[in-house]
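Visitor: Per TrEMBL, the feature region 'Disordered' maps to 13-45. According to TrEMBL, the compositional bias 'Low complexity' annotation covers 13-24. The domain 'RRM' annotation in TrEMBL covers 48-123, 130-196.
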Amino acid sequence: MAAVDCYQNQMEENQGQMNDNQDNILNPNDERDQQGATAGIPGKDDERKLFVGGLSRNTTDKELREHFGKFGEIESITVKVDQYTGLSRGFAFMVFKNPKTIDKLLAAGEHYINKRKVDPKRVSKKAQHGKIFVGGLTPDITDDDIKAYFSEYGTIVELQSPFDKTKNQRKGFCFVTFDSKEVVYKLLKTPKQTIN
């Protein structure tokens, strides 16, 4: 038996929308929005959303619009900026009118803006999943125990159980990813739970 704590892994939820090497801590004060844009809002318009990494500190919305606008009509652009310097943090989100535009621009090969190669990527659908941190696990709890317990709440997509090689046992925590964020919200209503 183990008393466990469940927490939503907010950083992981946001990170699923972009390359693991990019910083995506959303701050309402660090966006340049156009036309009430949804480009910087996680989960909004994802089928039409493009992540662009590798931008220079000086890249602007206008330069992104000039380059990527050749492939199709852009609805909104959000260049993420540092709240202290006002300079680009090196990435942006774009929403296109037509999702097929993203296919076209990704098939076009490499992209350069301000003489710098940029890295456009389709926003991952993984963002629709919900992930929780489960702490307070005892070494005798198995993956099957965890899956059996949490599968009562919803469909488990992935279970990550870190292992301590020096102690030759499971670490006292894991991450459980569900196929829906709603499952996470339901679970978090009771953050203290007991397995077995």
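Start at 1 and count along the chain as shown; that gives each residue its number.
Glycine is no exception: its Cβ is also placed from the backbone N, Cα and C atoms.
Situate these features within the shown structure.
Guide: When pLDDT values are averaged over the domain 'RRM' (48-123), the model yields 90.
Counting residue by residue with DSSP, the domain 'RRM' (130-196) contains 15 helix, 25 strand, 27 coil.
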Visitor: Over the span of the domain 'RRM' (48-123), count residues by DSSP class, listing helix, strand and coil in order.
Guide: 17 helix, 32 strand, 27 coil
